[in-house]
């Protein structure tokens, strides 16, 4: 083949990268579409070290670093320090702390719009949580039963108890009774045995002069 023929052939086929629908590949079969499956053979080669969660009170253990990071991000990263509630993003965590644990927010929410939108890029503020949820459902297409929606509890006024009906005091007054240690029905102890000594006369019938003379007679003489 001459040099001119070779150059003409090269000019015919040398057009750069060809697409799959080019005439050159018309007689060929289309390439098969196969998925890619990566089989990791690293685990059977060595012992797997379990990673335990370091948060106090959590007993989660993971066999890979990826599982441990997924657990930590979904359970412990954005959790409230006061009520231990877990939120999925830092923006929702800030809203939770501000609306539920900040007393200054409760005062300002009455005077001006203070409820921020659940979407961090949206800068809208609302007077109450219901208006915010309606905005998120219509504009941002959030579900109506949004999991992290917060609605403040309304304070209910307690009904005053009705005064009790006056009752007849004359029929309910009881006389105070003193407690006596004696029992009229109980018999006392009485001695019924024989007396071993003679009954002496009372002091009124004793002759004091006779007693004094007896004492003088019994005294020793000097």
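Placement of Cβ uses the backbone N, Cα and C atoms for every residue, glycine included.
Here is what TrEMBL records for this protein:
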type: DOMAIN; residues: 80-101; note: domain 'C2H2-type'
type: DOMAIN; residues: 117-140; note: domain 'C2H2-type'
type: REGION; residues: 152-207; note: region 'Disordered'
type: COMPBIAS; residues: 153-162; note: compositional bias 'Basic residues'
type: COMPBIAS; residues: 163-178; note: compositional bias 'Basic and acidic residues'
type: COMPBIAS; residues: 179-189; note: compositional bias 'Polar residues'
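Per DSSP, the domain 'C2H2-type' (80-101) is made up of 12 helix, 1 strand, 9 coil. Confidence annotation: the domain 'C2H2-type' (80-101) carries a mean pLDDT of 89 in the model. Secondary structure counts, DSSP: the domain 'C2H2-type' (117-140) has 11 helix, 2 strand, 11 coil.
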